[in-house]
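Annotated features in TrEMBL:
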| type | residues | note |
| --- | --- | --- |
| SITE | A:R145 | site 'Required for activity' |
| CARBOHYD | A:R145 | N-linked glycosylation site |
| SITE | A:R152 | site 'Required for activity' |
Number of protein chains: 2
Amino acid sequence: MAPLLKDELDIVIPTIRNLDFLEVWRPFFQPYHLIIVQDGDPTRTVMVPEGFDYELYNRNDINRILGPKASCISFKDSACRCFGYMVSKKKYVYTIDDDCFVAKDPTGKDIDALAKHIQNLLCPSTPLFFNTLYDPYQEGADFVRGYPFSLREGVPTAVSHGLWLNIPDYDAPTQLVKPRERNGRYVDAVMTIPKGSLFPMCGMNLAFDRELIGPAMYFGLMGDGQPIGRYDDMWAGWCVKVICDHLGLGVKTGLPYIWHSKASNPFVNLKKEYKGIFWQEDIIPFFQAAKLTKECDTVQKCYISLSQQVKEKLGKIDPYFVKLADAMVTWIEAWDMLNSKDSKEADANGSKPKGK
Amino acid sequence: MAPLLKDELDIVIPTIRNLDFLEVWRPFFQPYHLIIVQDGDPTRTVMVPEGFDYELYNRNDINRILGPKASCISFKDSACRCFGYMVSKKKYVYTIDDDCFVAKDPTGKDIDALAKHIQNLLCPSTPLFFNTLYDPYQEGADFVRGYPFSLREGVPTAVSHGLWLNIPDYDAPTQLVKPRERNGRYVDAVMTIPKGSLFPMCGMNLAFDRELIGPAMYFGLMGDGQPIGRYDDMWAGWCVKVICDHLGLGVKTGLPYIWHSKASNPFVNLKKEYKGIFWQEDIIPFFQAAKLTKECDTVQKCYISLSQQVKEKLGKIDPYFVKLADAMVTWIEAWDMLNSKDSKEADANGSKPKGK
């Protein structure tokens with residue numbers, strides 16, 4: 001059983017609607033504090049079911065808190081959720097989409113996704129050598145013959161990437177080609193993504209250690225006024241993985257599953273993804289080749305270095321990447337502004353956002 | 001359903017006893033040709049159940065066929081199985097230990113391990129980018145959002161590494177510490193081991209494409225007269241993975257499971273593994289750093305280059321590695337001797353080994 005990390009974990013939810021989906025999560029989420037990031041029209045009221053402890057930020061709040069630096073937070077795109085990562089004061093963050101429900105394991109039991117994420121984050125990762133029996137720290141598993149003993153202590157886990165039953169996280173072309181495909185395969189495994197290997201990180205069901213990797217969890221410039229959408233979590237995942245590899249941190253994927261209830265519109269998605277489909281062909285080799293020097297010994301320094309490389313190398317593809325590189329710097333400035341020692345003290349005495 | 005590759009696959013079994021275990025495999029193995037490599041005393045008779053098509057080689061056969069080059073084939077160690085890879089004339093090889101039985105899937109159905117290996121080998125691998133929904137070529141699965149389209153054709157699969165229910169493949173120290181541990185976790189997944197990541201390859205339940213990677217499947221010098229045992233498959237796996245990464249070939253792991261019936265004696269194993277436990281701490285960084293040049297454009301050339309690096313770098317650790325490096329060269333010479341065009345013609349007219 002994973003411990004309840006009540007005072008150490010926030011749940012971040014981006015939304016444009018009433019959070020009725022929380023009802024099914026009540027047994028699992030109610031002990032935790034929620035940070036709700038309201039996207040779109042700030043005058044709309046987002047209803048939160050009774051009994052949840054939450055704070056809610058709309059666009060006006062984001063603009064007020066960050067001032068000119070609010071430009072780094074996307075609007076009309078779920079990428080806005082990363083504002084929640086920034087204002088959290090907890091060690092861990094779990095973020096989930098509001099169309100994700102409680103999945104069942106093969107025995108028919110409700111899956112406590114959050115408890116599994118906590119378990120994943122609290123036990124080490126093994127990025128330096130592949131273990132064929134998956135996570136060696138799980139009950140009933142271990143390192144197999146031939147696994148170097150010097151590597152069995154593992155490294156701290158920074159990210160736990162959970163998966164989805166029912167509607168898989170497909171891109172628009174795949175959605176169009178396979179409109180009826182559903183994910184019914186329950187794979188009973190958690191594994192570390194090896195060092196040097198990039199992966200497509202989905203923000204639907206994702207937990208991470210803010211203290212270890214928070215400043216790299218920037219979801220980029222997406223949506224309103226931007227040429228691209230639906231690459232927010234991918235962008236974060238590429239940056240995060242390169243930095244985790246450099247700093248000796250682990251990224252896990254696999255369990256837990258959530259139940260993803262409905263596919264987004266593939267035509268709308270195609271419009272959002274269109275440029276990304278071309279750009280990712282250059283972005284991925286770029287991240288595969290990105291180098292961080294020994295001087296980059298904090299997440300912030302790594303991230304600033306990546307932003308410079310983005311500007312220099314990807315800026316040639318499209319002026320968007322120059323803007324994104326600048327936003328990456330602004331994000332770090334904003335992060336540090338809200339997460340410095342002084343800001344924490346001010347926060348302790350300062351004005352509270354909406355919520356209860 | 002995987003096709004029956006009757007004329008394209010041999011099953012290689014190393015043994016010192018009667019092959020009663022074949023009875024449970026009869027529905028699955030009987031269509032195939034078996035190559036039995038008898039270890040130990042060549043005067044002993046190994047009984048094979050009625051109705052199987054097989055050829056059997058004992059130590060005298062190996063010495064007769066390879067002459068002085070027989071020195072590269074281990075004696076009194078299941079590493080001798082690689083002689084079977086060499087004399088096979090088929091495109092694919094499946095090798096299995098004689099204490100491995102048919103496992104059941106979670107629905108209670110017998111698992112046709114060989115059919116699943118064939119399916120793994122016939123569909124591509126994806127070593128260049130990680131797919132979070134595991135093998136994208138499986139029924140009901142695909143590439144997830146953010147997976148570059150240029151990489152979706154995949155690369156040819158050279159190796160399919162299957163797993164074990166019941167007795168896991170643990171080293172002696174883990175066996176000693178966890179004498180009662182059994183693997184009951186059926187993980188319904190096949191995945192590609194990413195490029196650049198090494199893994200502990202177990203020879204218990206292993207299939208590969210001889211044409212793509214055969215000459216690298218050398219199980220080294222183990223057992224009689226050698227300072228080490230139980231690193232035969234590990235050694236092969238490290239060499240194979242480095243060469244697959246260089247040549248753009250894929251290695252898959254996961255399904256199918258076999259039922260591993262009994263743990264070998266941990267005290268005997270500790271004696272065999274003892275030096276390997278120290279050596280692997282140097283061997284793994286060595287393979288992680290091994291470089292193959294552009295000129296290495298065949299498996300043979302890659303393997304000879306690795307043998308030179310083994311001699312130069314690992315030879316400093318122990319004279320054993322100098323001997324092993326020489327044996328690696330002998331292995332390639334022997335492979336080419338038995339697998340040249342001329343030898344194939346001679347074989348067509350030549351003397352048959354024992355079997356029917």
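Along the chain as shown, residues are numbered 1 onward.
The backbone N, Cα and C atoms fix where each Cβ goes, glycine too.
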* Please classify the secondary structure at A:R145 (site 'Required for activity') using three-state DSSP. => coil
* Asked: By a simple count of other Cβ atoms within 10 Å, which of A:R145, A:R152, the recorded sites in the record, is least packed?
  -> A:R152
* Roughly how many angstrom lie between the C-alpha atoms of A:R152 (site 'Required for activity') and A:R145 (site 'Required for activity')? -> 12
